Structures are given as C-alpha cells and as structure tokens.
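These notes concern the structure reproduced below.
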C-alpha cells in the first residue's frame, strides 16, 4: 500500500493542492481548480479527476468553515467533468441515466408550482448531469486502467476515514459533532455511518473480484478502519446497513434464490428486527452507546414523519419539485427544533415523494432498480448492496441528492458491476466497448 501511495505521490499532492487552494486562495479557487482539471485531462489522468471530485464531495459535507469552499465549488467541478467527458470523442457511452429519463420529465414538470424554483431547477439539473457523467468516467477508467482505478479508489476512501480516526486522537475537537459524537471529516455521525456503509460495500466488492490488489494485511487494516469509524460514530442506521449488507453478501454467495427470499423477509420485518435489536442491546448493556432513549422518542423523527405525510396527502400524485422538502422544513423550523429534530426528513422515499409525488417516486425507484437488474446479469452479489441501501435510504435522505459523497459511491459500484471488463481476470481479456 505504502509503495503504491509513494509511486502516485504527485497525484495525491494534486488533490491536496486543490484543498489548499480552497482553504487559502479564496475566490481564486473557482478559476484555478477548473483550469487545473483541463491540464489533468490533457494528460489522460481521468482517475484523479474522479477522485478529486469525490474528495470535494466529502469535504462539502463537513461543517468546518475551512472546507466551506467545497460546498460552492462542487457544482462547478461537476460541470467541468461533464464538459471534459462529452468533448472527448473517445469516451465510452453509458446508458445508466436512460431509465431515469421519465423521472426527470416529471421532476422538471413538478417545478411549475415550486416555491423554490431556482434551487429546485439547479438540483434537478445537477442530478441529471451527475447520472449522465459519472458512469461514463467510471467505464472509461474500468476499460483503460482498471486495476489502478480500483486500487486508488479504495486508498482514497481509506485515507479519508483514517485521517478522521487520527484526528480523534490528536485533535478530537475537530472531529466531534456537538462536542460529543464522532463525525470524522464529515458533517455529523450519521454521515460517517452512511460513508462507512457505502465504502464497505465498495471495498468488499472490489476485494471479492480482485483479491490480488490488496494483501491480507491491507485488507485487515481497511476493514478495521471502517469498523472503528462506525463504532465511534455510533450511527444506528450505518451499523444496521453494514450488518444487512454483510449478511446479504454471505447469503448471496451460497444461494441467490434463498438469499433474496431471506433478505426480503428481513427487510419487511424491520419492526420486529428493531425490537430484537433493542432487546439485544439492552441485554449487552449498550443502551447508552446506541442511545436507546432517542430510538424510542425518535429524536424528533416521528414528528417530522407525520409532517411529511401531511404534505404528501396534499400533493399525492404530483408535487412541487426538488427543494420543496426544504421549503417545508423551513416553514416548520421552530416547531421541529422544539421537538428535538435536526436535519431533513431522514427518509429518501418520503423525501422524493414530497418533492415529486407518487408518480415521481415510482419512476425514481424504477430508474435505480433497472440499473441493479442490469448489474445482476453479471453478478448476483449486487443485491447485497441493494438490501443494504434499502435500509440506509429508509433512515436517511441521501439518495435524493447527487452532490454528496455517498450517492457517487453507489453509482460507481453499480456502473463497474455492469461492465464486463470489471470481472475479467486480467486486462488482456477486456472486451472492446463502444
């Protein structure tokens, strides 16, 4: 691992250079980073463009003022990536976004009555550009430099989680949310929970099909970093999603049919599972760690869920577009705060229903399921990610947003597992793609 990092040290310094520009260069970062991206693309280094984008998305989730540049520059980086990709005549085509076209038609139509038209339009367009761009870059990297891409994708995720753990020792105040719970480099403990889950799925998938890329020692280190991050964060949703993913992974390796039946039963029995979860945690004396008193009160989530259903009934089939949920939360900000609620609606399905109506929710779901089915033609193991995501997006609203550090990982996994060259034993066996 260290040898590979040293070999690519100049490229990792490039990523640090972007961060330094954002922290110290002020407004110049908005000109210098896109300009530098053009230079990197001319060298054919798509890998570091994609990793740089993921890094910026990760930092954009942070609440630290020094990283505030990442929140405002990430749309510009996405647009630059899209421009570079589609002006490259040799870029591989990707059909990832096509199943989502009906959804985007509804999403744009929903904006007609939007109380936040500008923000809603920007979010909708961003998601469309994101789905039309990232899979193309992933396919390009899988086809041209697969092993290098997969290796450094894992290395960067490990570094980002690892830095948070190191800071917990040497500067704990930097990585503690509200002075209490561990949040790493991200904005809150639940974000670390999601990050740990999607990275666990990413590494497990890559390691399964390309064992030669990581030694046993490296594998232990990476899994340990993921586990420690989840343990310190104490995110119930993150931990539960990881457990469901690993259980599904084991079951799908034995029998796809039985695994699908078992995981479906587990998902639809989530109430019973959570009841057993509480009993086991209580028996083990871990009630304080898992904050069972907030589980019972819902931390304001019960109230915000009831609020969501009120607005869903008002706009059942069609709604008012992306960002409508933010408008609702702003109206009820004081009452939500009095109930102890912090954040969004904590459920991707409810959020997309609020924003685009039931028709939008169904079309959004069809878009994702279609891509899962496409990937399953090459490997049934993709369904482990599916069931893990079902749990995660049912307790957090991350899938409704494109410019976060979680959705991009899900798209990367789905794209690479839909590419036959991902499974080739070596790069000499690659299938030429249009």
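Cβ coordinates are placed from backbone N, Cα and C, and glycine is handled just like the others.
Whatever TrEMBL says is automated annotation, not expert-curated.
Note that the structure is a prediction, hence the values are computed from the model and not measured.
Range with TrEMBL annotation transmembrane segment, chosen from 124-142, 295-313, is 124-142. Between the stretches 257-278, 323-344, TrEMBL puts its transmembrane segment entry on 257-278.
The transmembrane segment (154-179) makes no contact with the transmembrane segment (350-369), as judged by fewer than three Cβ pairs under 8 Å among residues 6 or more apart in sequence. Below 8 A, the CB atoms of the transmembrane segment (95-112) and the transmembrane segment (191-209) form no more than two pairs separated by six or more positions in the chain, fewer than 3 in all.
As a quick check, the transmembrane segment (381-400) and the transmembrane segment (12-33) miss the bar of 3 or more Cβ pairs under 8 A, pairs 6 or more apart, so the two do not touch. Sequence-distant contacts of the transmembrane segment (124-142) (same chain, six or more residues past either end, CB-CB distance under 8 Å): 46-47, 49-50, 75, 78-79, 81-82, 85-86, 91-94, 96-97, 100, 104, 107-108, 111, 149, 321-322, 401-403, 407-408, 411-412, 414-416, 419, 421-422, 433.
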